[in-house]
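Undergrad: Residues annotated as compositional bias 'Polar residues' in Swiss-Prot: 1-16. According to Swiss-Prot, the region 'Disordered' annotation covers 1-46. The region 'Interaction with Arabidopsis thaliana NSI protein' annotation in Swiss-Prot covers 150-187 and rests on similarity to another entry. If you look up Swiss-Prot, you'll see 21-42 marked as motif 'Bipartite nuclear localization signal'. Taken from Swiss-Prot, the feature motif 'Nuclear localization signal' covers 81-96. Taken from Swiss-Prot, the feature motif 'Nuclear export signal' applies to 177-198.
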Amino acid sequence: MYSTSNRRGRSQTQRGSHVRRTGVKRSYGAARGDDRRRPNVVSKTQVEPRMTIQRVQENQFGPEFVLSQNSALSTFVTYPSYVKTVPNRTRTYIKLKRVRFKGTLKIERGQGDTIMDGPSSNIEGVFSMVIVVDRKPHVSQSGRLHTFDELFGARIHCHGNLSVVPALKDRYYIRHVTKRVVSLEKDTLLIDLHGTTQLSNKRYNCWASFSDLERDSCNGVYGNITKNALLVYYCWLSDAQSKASTYVSFELDYLG
């Protein structure tokens, strides 16, 4: 009946005491010569680019984001890549500041639910979109993300309060839940989706890091993230034949 798919202190210089001595002549020429022979350490040290606040945007839509009744899918928010063009990152880590999302949810009646001889019954259901932080991201042996059921226990929990199953709480935590209770009389219904989630504040900083093992793989996909990945879970529950399509734009503000 159910189906699931995936997708840097302060530096201090101590001054030495200067004692005046008579009868002693010093040759400063040698000292000046030594200064000239000293290597210019600053010029040989590679200065890293300054980290700046930037924003990266990602649109999640298409056939893979269409949910049939009683189904769910899991995906991730793509982080910036280590490139020269902005938005980018200049380190193997970034500070996650805030994520905003805005989009549309479209609920459609299934073809088999149409009644020819009378009015169609209402389609009722619950849609959930959950933003989750993965503290220690890594691809499992199956090569996929944890499913909705594996992370939250069962899709039916969307009717109440979602929580991460005890076995996975050390790795995952919920950052935001968007929930819409739907009652559809016509064939289609459009619902607005929007929200903002703070990832860092004055008391806590959320940093993400990357492996960046090879030049070609210095990107922001889940497989290259080693700390604090952002996952998104979508779920549509309904007893009637129907489908839910999502188009959601994510904007991630970060220091990188």
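Even glycines carry a Cβ here, placed using N, Cα and C.
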Undergrad: Per DSSP, what is the helix/strand/coil residue tally across the motif 'Nuclear export signal' (177-198)?
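TA: Helix, strand and coil residues of the motif 'Nuclear export signal' (177-198) number 0 helix, 19 strand, 3 coil.
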Undergrad: Let's see if you can do this one: DSSP helix, strand and coil counts over the motif 'Nuclear localization signal' (81-96), in that order.
TA: 0 helix, 4 strand, 12 coil
